[in-house]
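Written out below as structure tokens is the structure these notes cover.
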């Protein structure tokens, strides 16, 4: 049997070679983000979530920690922390599972078949049990807000950009009538007529 570090490396490479965008945190192989697309034929179809994965030193003998970074409305996901209530990850993990299983089987199953009787988000669970159509409508409404929220965070919520939001607003106001900034760079790509 291979060592946990070799197995971690193999599983991570397998995940990186799949259709998922993987972004490492720091230089190690124990913390990373995975961009996950909502499964087809679910209320979450069309959404993209960033999921943080933390692999313990004893992986694959000990389960990874998995949580949604951006907001998702789901009975089994804590709205504030993004932590996931999923038995197969939290309680019944086996070394036979790998990282690809999490993103191709476990999380899609969670989104396709929420369990409102074991909630981390009581509001979502109550709405789902009371009115499934209203629950799915709420999920879809929040899906529409994800791109706006993501764009806002990318533009204004970076630690290195603290205090520069005011500067960005002033440059937006300096656009000419045709939508271009009044600098030479903005019109450098225009074709000569």
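Cβ from N, Cα, C; glycine included.
Taking all protein chains in view, 17 other C-beta atoms sit within 10 angstroms of the C-beta of residue 85 (active site, glycyl thioester intermediate). For 85, the entry in TrEMBL reads active site, glycyl thioester intermediate.
Secondary structure of the domain 'UBC core' (1-148) per DSSP, as helix, strand and coil residue counts: 57 helix, 25 strand, 66 coil. If you look up TrEMBL, you'll see 1-148 marked as domain 'UBC core'.
Taken from TrEMBL, the feature region 'Disordered' applies to 160-193.
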